[in-house]
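**Q** As annotated by Swiss-Prot, chitin binding site applies to Ser78, Trp80, Trp82, Tyr89, Ser230, Trp232, Trp234, Tyr241. The annotation domain 'Chitin-binding type-1 1' is assigned in Swiss-Prot to 58-101 on the grounds of sequence analysis. Marked as domain 'Chitin-binding type-1 2' by Swiss-Prot: 105-149. Swiss-Prot lists 210-253 with the feature domain 'Chitin-binding type-1 3'. According to Swiss-Prot, the feature domain 'Chitin-binding type-1 4' maps to 257-301, an assignment based on sequence analysis. Per Swiss-Prot, the feature O-linked glycosylation site maps to Pro50, Pro154, Pro159, Pro166, Pro174, Pro176, Pro183, Pro184, Ser193, Pro202, Pro203, Pro206 (among others). What Swiss-Prot lists as repeat '4' is 168-172.
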Amino acid sequence: MKETAISVLALLTLFLLEVVSANELSLPFHLPINETIGLEVFQGINNASPPSPSPLPYPQCGMKKGGGKCIKTGECCSIWGWCGTTNAYCSPGYCQKQCPGPYPEGRCGWQANGKSCPTGTGQCCSNGGWCGTTSDYCASKNCQSQCKLPSPPPPPPPPSPPPPSPPSPPPPSPPPPPPPSPPPPSPPPPSPSPPPPPASPPPPPPALPYPQCGIKKGGGKCIKTGECCSIWGWCGTTNAYCSPGYCQKQCPGPYPEGRCGWQANGKSCPTGTGHCCSNAGWCGTTSDYCAPVNCQAQCNTTTLTSPIKNRMRGIESFMLNVV
């Protein structure tokens, strides 16, 4: 009877081995590798470790999603690329697209939820999100929408050549002496001087500086010590650059446990743990963190299969001893 029970147990274990090998799935319990102890293989059922936390959702909108928009009415696109309706998505400093407004006069483009410059004024919307008419706003490298440089005036026509002078006539015969002329009339009073021309209009205000760092500048960093890169891509040291919600890179920290990548100023996952840094900026060991399509740094796909292979070798050795 005892030998029959062991045979049934061996067949059940072989069946589990085939299922796990075919699907490359991790078991819901820990099987110890021990070739001398029989039924202790299944003691790991009571010591099952909890699953690792799911990574945060990947970006859904804005600069992190190719300029995509939120679908539901009333949702705002946050600076991290996620959609929602609370202050963490819609309030100033946290919203990058589909924000509730209002916006300052002269604002335009994605920085003002797609607002356009006034029509008929010849204004262009610059990369910085401001309206203007100079090349700082309208040149192709500086413009994000309504890009149209005014055409230069046509050149003046070349001067026409002077007409040919006619041949000089023969000298006339001397005229008879003129009669005595009356005294000349007195000259008219001088006309009043014309009014001065109107003053020229003031020059237009200069354009804001172009982005210097972060995702608006190809991942560039601020140069000066202590400067933070704001969500708009400019460098500075005040709260408008360094405080949470306004800082995207070179922020003073601290960062939550498990954060990594550009979302945590280039912070790495702990070494020697097999953790990968996901596109969302969190550390983990599953394919949600380590697969090439999901990983931004410390991408190590070997950690996905090696624990399963070690468990399979232990089960195989145990089955050979039992049978």
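The backbone N, Cα and C atoms fix where each Cβ goes, glycine too.
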**Q** Please tell me which one of the glycosylation sites listed here (Pro154, Pro159, Pro176) sits closest to Ser78 (chitin binding site), measuring Cα to Cα?
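**A** With Cα distances computed to Ser78 (chitin binding site), the winner among Pro154, Pro159, Pro176 is Pro154.
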**Q** Could you tell me the C-alpha distance between Pro154 (O-linked glycosylation site) and Trp82 (chitin binding site) in angstrom, no decimals?
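**A** If we compare the Cα positions of Pro154 (O-linked glycosylation site) and Trp82 (chitin binding site), the gap is 50 Å.
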**Q** Need the DSSP three-state call for Tyr89 (chitin binding site) to compare against my parser.
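**A** Where Tyr89 (chitin binding site) sits, the three-state DSSP reduction gives helix.
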**Q** When secondary structure is assigned with DSSP, how many helix, strand and coil residues does the domain 'Chitin-binding type-1 4' (257-301) contain?
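**A** Across the domain 'Chitin-binding type-1 4' (257-301), DSSP assigns the residues as follows: 8 helix, 12 strand, 25 coil.
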**Q** About how far apart, in whole Å, are the alpha carbons (Cα) of Trp232 (chitin binding site) and Pro176 (O-linked glycosylation site)?
**A** 93
**Q** For Tyr241 (chitin binding site) and Pro176 (O-linked glycosylation site), determine the Cα separation and express it in whole Å.
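**A** So the alpha carbons of Tyr241 (chitin binding site) and Pro176 (O-linked glycosylation site) sit roughly 97 Å from each other.
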**Q** Near Ser78 (chitin binding site), how many other Cβ atoms are within 10 Å of its Cβ?
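**A** I count 27 other Cβ atoms within 10 Å of it.
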**Q** Kindly state the mean pLDDT of the domain 'Chitin-binding type-1 4' (257-301) in the predicted structure.
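**A** Averaged over the domain 'Chitin-binding type-1 4' (257-301), per-residue pLDDT gives 87.
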**Q** Counting every protein chain present, what is the number of Cβ atoms, excluding its own, within 10 Å of the Cβ of Trp82 (chitin binding site)?
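**A** Looking across every protein chain shown, the total is 22.
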**Q** Within the domain 'Chitin-binding type-1 2' (105-149), count helix residues (DSSP H, G, I), strand residues (E, B) and coil residues, in that order.
**A** 7 helix, 12 strand, 26 coil
